[in-house]
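Scroll down for the structure; my scribbles are underneath it.
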């Protein structure tokens, strides 16, 4: 960098014109007149451009600044006025420009926030004040759900400094790594040794004659300048003592001095409320005394709190210190905020409360432990108060009645009485002040013959008040889909209308729901579960917890919340505790049977499309969701004559028993995301297969074993999790190895051959190709396995999706029969669309069935009926085709109950026996009358319906009971809970939906809700004295039930 001085004499040219990075070589031109500070002292002013004054001749002195000091400001020196005023003006302009450039160069090497030099950091790291935050900070803010994306916003939040209106000539444009670390540490849990060097951010001012940045007397680090080259040319004026320059304290030091003064006053005031460590009875080591003393006031700790750097203070002392001196630890200068303060561990508090102290009351020589010291002192005050207490009215305003006073005045007037009641409660009732006061109130009511209020108070004291049980209120809130705010409004309305607390407040409901959410009950596994924590107080966790860090190469863009599988099963069993104990009694078994109980669990998983919401903050995630749930199907216990079933789910396809386990905003087709979320859950499931659960139930420790059956999957998801090709594959079935052609040629005679273990073996063969076969030969060997299976499913048929798939095929057959495709196999697409429109219009008129874009369960149930076939036959001209179509539907309706019923052996034994005959006749019709459609091909669900139903029922006893219908119904609840009961945030809404859905499936709450509904149906009302209030309460309850939230 070269600097030229135009219009400057040759003798004033600088010998060096290049500047290094750390050293500046500047001219200093000094005049023989006084400095500006001296002129201010003497009360005179001198103007540079004044033509009326005569300036003596100046000399040029070259000064070399030492390393690390700021360049000397040329404003301390005045050039001599020459004979030509324009030359002087040019000199002044050039010097001002040079000093402003030097000022800007200096401030660009300083931090905008704390003013520290970047050279203090060995790596010379700095960050721009204006602009977006860096990637590391952005990730931290994203995890903490902060919307801040730029440095000015973040600096404003952390340091309370607005940098948006900064000017480059006044303010630095960079900040240091120390301030960057403080900002990151504010929003993360990572601690590091960093502290803010000042109590407040530096205030920057424009460059002036007394600029503390450029001037040699800057407040943070003045260094002695190099010796002058020509000291004999400088003339020092003699000055009297009245002109000696007073040392000026900077504004920062003044503020610090005031803060220190306030801090000392605070320490003095602590003597009145805190105990000095000289009161300790024993002669403890000095280090121990320090460990039990506050590091601010140096007294014994009172209400101790611990900072994140593990230092201990009195709560009031550290809060006052932070307010006065800044948010950092007084001991180590580590950043410390009031929200970071925590209570020390209980063992330390026990040691602290056990310290023996001398009583400060004169005449008392007792030695009291610190924990009982306040109680001991209160006894002295009580004794003194009894001696001197007497009501004295010294005139002035008359004493008002107690009930007309404010709460603060009531406390003041009743203070002595409160102390006496507390002393009595501590002595006689183990400190139960509430019971003493309630009993006094009860006796006062009885003495005044106010027995009605006394009865109500007594009922409240005994826990049998007129209000509803908190569990009933919680059941009402969950089953009516009320959010917390809606319930609170209803609670206040009913309380204000009736004057009674019929419903319980929200905090009572939250206490009730804690015992119903997983993570409340303690349990143990033998042997301990592999790779699963032994903690039992685990509630809702992030869906990605337990995921290996090696998966960071694939970004998982999803939000997922789940329960830990074992904790969820424990909570479900405790929720069914009454049912299990009643089952033992019903089977004439002893109540103290310890097991082992065998619990059979049905697992279901399904994807949901289009769950997008207009609201919610957070990262962009797919607008699809996946739900994983389970249902406890039955529980059995071994007996002499074999296992005895003590519990069986009566409605296995109800949404009331299908408990949610995991929710995620993801696409079920995204194999990587699905694997990342469900793999930890599946690992917990595999670990539980070989372990026994020890759980206390009915006061006895009992053993439980679990059997998991993955049957609630549709065909698409089965192929996804078992590593099979998609549903359009050549290999048509997920239960056997038949190809589509083999299934069409032999419609009935097939058996289940696939299994999870075999799919794993075939995947290894597909991956390694040990026989070095061609792709077609290898595919034929592995029978359609193309990915690694990661969830074990039971080879079965999902009854709900079987209905939907078969109904879609019948819907297609109806269209083709209307168009008589058997006559003309080369029909165009326009003709087929016309046939579909004709069918839709006809069944809309006759059956009131509106056409839909995608087949669902309700449409399938209405479509598959005799009425529908009769309506379709009106559009089929040929009577022979009408008879074939009617017979085909009749056979289907005879087969359907076999796979739809929960127990076909009890519900439809005749149809179960005739199933093979009906399936043979159904297959015969397809291969003859409907040969035009099923020659050489067959649909997936027709194949499963005709070939595999008898074998599955023989193995499991039912197909319908193991269907995914409960999980499908849970999908509707997911949408409703997300809309009504969840916070509007992508992170928190999943947690809220999971919690509310779990409470909705609680059998404990369902019993309370059923009992409440029975009482309401029987005409049960609250016994109120005022009939008008009763009518208003009933009308408010009716309006509540009629509300559509």
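Placement of Cβ uses the backbone N, Cα and C atoms for every residue, glycine included.
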Discussion item. Between the candidate ranges 33-55, 102-124, where does Swiss-Prot place the region 'Disordered' annotation?
Written reply: 33-55
Worksheet, complete the sentence: Of 4-24, 67-87, the range Swiss-Prot tags as region 'Disordered' is 67-87
Worksheet item: In Swiss-Prot, which of 205-234, 235-264, 355-384 is tagged zinc finger?
Response: 355-384
Fill in: Candidate sharing the divalent metal cation site with 714, 968 (per Swiss-Prot), from 606, 610, 803, 890
606
Fill in: Annotated zinc finger segment (source Swiss-Prot; candidates 134-173, 294-333)
294-333
Worksheet item: Just checking the binding-site residues 314, 317, 332, 376, 380, 606: which sit within 10 A of residue 297 (Zn(2+) 1 binding site), CA to CA?
Response: 314, 317
Item to complete: Determine which residues of this chain, when 270, 274, 297, 299 are set aside, have a Cβ within 8 Å of the centroid of the Zn(2+) 1 site's Cβ atoms, and list them as they appear in the sequence.
Response: 267, 271, 273, 275, 276, 294, 296, 298, 300, 302, 314, 317
Item to complete: Using C-alpha positions only, work out which of the binding-site residues 317, 329, 714, 968 is nearest to residue 274 (Zn(2+) 1 binding site).
Response: 317
Fill in: Inter-residue C-alpha distance, residue 376 (Zn(2+) 4 binding site) and residue 311 (Zn(2+) 3 binding site) (nearest angstrom)
29
Item to complete: Please report the DSSP secondary structure of residue 606 (divalent metal cation binding site), reduced to three states.
Response: strand
Worksheet, complete the sentence: Not counting 606, 714, 968, residues with a CB within 8 A of the CB centroid of the divalent metal cation site are 604, 605, 607, 712, 713, 717, 798, 800, 801, 964, 967, 971
Fill in: Listed in sequence order, residues not in 309, 311, 329, 332 with Cβ within 8 Å of the centre of the Zn(2+) 3 site Cβ atoms
307, 308, 310, 330, 331, 333, 334, 336
Discussion item. Tell me the Cα distance separating residue 294 (Zn(2+) 2 binding site) from residue 332 (Zn(2+) 3 binding site), rounded to the nearest angstrom.
Written reply: 14
